[in-house]
Amino acid sequence: MSPESKKLFNIIILGVAFMFMFTAFQTCGNVAQTVIRSLNRTDFHGSGYTSMAIIYGVFSASNLITPSVVAIVGPQLSMFASGLFYSMYIAVFIQPFPWSFYTASVFIGIAAAVLWTAQGNCLTINSDEHSIGRNSGIFWALLQSSLFFGNLYIYFAWQGKTQISESDRRTVFIALTVISLVGTVLFFLIRKPDSENVLGEDESSDDQDMEVNESAQNNLTKAVDAFKKSFKLCVTKEMLLLSITTAYTGLELTFFSGVYGTCIGATNKFGAEEKSLIGLSGIFIGIGEILGGSLFGLLSKNNRFGRNPVVLLGILVHFIAFYLIFLNMPGDAPIAPVKGTDSSAYIKSSKEVAILCSFLLGLGDSCFNTQLLSILGFLYSEDSAPAFAIFKFVQSICAAVAFFYSNYLLLHWQLLVMVIFGFFGTISFFTVEWEAAAFVARGSDYRSI
């Protein structure tokens, strides 16, 4: 196998492994609050929203140290160990206890930070400037396809269910745990890419030991430098402006990945299909994500108008979705009790409108995330690690805050928070993009400012 073929093989395996893991984890997150509401009728008392708040809070803090962990352990072993913790979190739902549920939430927060840092490292070492776009697209498509399979199973398995029984819960989460473990094991199929600088056969063992020691020192130096650069980048004008946009992506991530599915499952007006509709909602979020990511990935090379039109499309799509959700869903749906809510929405609650909104949420999310990743890669091509660490830090801490307030705020207040952040986040993105375009037009190096 040629070096290029080996790298492409690694990217495909990386994407398939993440597809299996996140088929399990995203399905788990989508149904967690609904399952826990059924559990709260027993001796178990917990909140899926609180669990996700813990996960994203720990995740954001852990981003500060994970580059050092990956540098020492290596990306492959880091991803494998993280996968085990993901599987452990999912397995907790088979027979949950509050202490194990929240403890696992802490561990998976750390594991998530390690996993995504290692994923970025693995993607980078298996790509060059010519293949990074293609490889990112392959990984994105495989990752987002995870939204289909688990949610498709939920749709058919929970058809006609109004309450989730112990047998239903165990069957689903045993299957999801096995799926997650399959993805975890797949990381061992990733091969080490051929090194461009291989040690000569005539080199002595002393020379090799010296290079190993120097390599370890270099890894430590790089980790410290990245840590320092992260703090310096935090206070630059461009990063502060983009942080508002990033904060919005964290809030809407919480909404479409956890809150919206819960709202659908709690709306009794949907009848016997309310629980299975959670799975169908997840499928259409995935369709929106994949369609948007694929479309904007293909258009990126021929886009004469920059990134702003895509972001504008994203915010318009999201505002339409928020307005329809406001009209179609009862206000108390996010915090409804175990039996759901019989409250009326402003219009007669429609399953078709609910699923349309799922698609719009996914499409809008892909607009924002693809363009944020693009502009960060452009502005900070020489400091990509600390730049993306800040991106993940801001996004995850805002997601944690949103999961926390989702326990208490009615639907219309949650939508209002997203509308405010979405509006100002779009304006701030436009400002940075206009400055970047102006520097390109003048032939200046934007990275020098």
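Backbone N, Cα and C atoms are what each Cβ position is placed from, and that goes for glycine too.
Nonlocal intrachain contacts for the transmembrane segment (8-28), taken as residues 6+ away from its ends with a CB within less than 8 angstroms of a stretch CB, comprise 1, 79, 83, 86-87, 89-90, 93, 119, 122-123, 126-127, 131, 135, 138-139, 141-143, 145-147, 149-151, 153-154, 173, 176-177, 179-180, 182-184, 186-187, 189-191, 193, 257, 279, 282. The transmembrane segment annotation in Swiss-Prot covers 8-28 (among others).
Under the heading N-linked glycosylation site, Swiss-Prot lists N40.
Under the heading transmembrane segment, Swiss-Prot lists 53-73 (among others).
The transmembrane segment annotation in Swiss-Prot covers 74-94 (among others).
Annotated transmembrane segment per Swiss-Prot: 96-116 (among others), in sequence order, evidence recorded as sequence analysis.
Per Swiss-Prot, the feature transmembrane segment maps to 138-158 (among others); the stated evidence is sequence analysis. Within the chain carrying the transmembrane segment (138-158), a Cβ under 8 angstroms from the stretch's Cβ atoms is held by residues 11-12, 14-16, 18-24, 26-28, 30-31, 123, 164, 168, 171-172, 175-176, 179, 275-283, 285-286, 289-290, 293-294, 297, 362, all 6 or more beyond its ends.
Look at Swiss-Prot and you will find 170-190 (among others) tagged as transmembrane segment, backed by sequence analysis.
Annotated phosphoserine per Swiss-Prot: S204, in sequence order, evidence recorded as similarity to another entry.
According to Swiss-Prot, the feature transmembrane segment maps to 239-259 (among others).
The transmembrane segment annotation in Swiss-Prot covers 277-297 (among others), and the record cites sequence analysis as its basis.
Annotation source Swiss-Prot lists transmembrane segment at 309-329 (among others).
Residues or ranges marked as transmembrane segment in Swiss-Prot (evidence: sequence analysis): 359-379 (among others).
Annotated transmembrane segment per Swiss-Prot: 385-405 (among others), in sequence order. Residues 49-50, 52-57, 59-60, 63-64, 67, 113, 116-117, 120, 226-227, 229-230, 233-234, 239, 242-243, 246-251, 253-255, 258-259, 372, 376, 379, 414, 417 of the same chain, all 6+ positions outside the transmembrane segment (385-405), place their C-beta atoms under 8 angstroms from a C-beta of that stretch.
If you look at the transmembrane segment (410-430), the same-chain residues 6 or more away from its ends with a CB under 8 A from one of its CBs are 241-242, 244-249, 251-252, 255, 259, 263, 307-308, 311-312, 315, 318-319, 322, 325-326, 329-335, 371-372, 375, 402. Taken from Swiss-Prot, the feature transmembrane segment applies to 410-430 (among others).
Cβ atoms under 8 Å from those of the transmembrane segment (359-379) belong to residues 136, 147, 238, 242, 245-246, 248-249, 252-253, 255-256, 260, 284-293, 296-297, 300, 307, 310-311, 313-315, 317-318, 320-321, 324, 387-388, 391, 429, 432-433, 436, 446-447 of the same chain, restricted to positions at least 6 beyond its ends. Same-chain residues lying 6+ beyond the ends of the transmembrane segment (74-94) with a Cβ under 8 Å from its Cβ atoms: 17, 21, 24-25, 28, 32, 35, 100-101, 104-105, 107-108, 110-112, 114-115, 117-119, 121-122, 125, 169-170, 173-174, 176-177, 180-181, 183-185, 187-188, 190.
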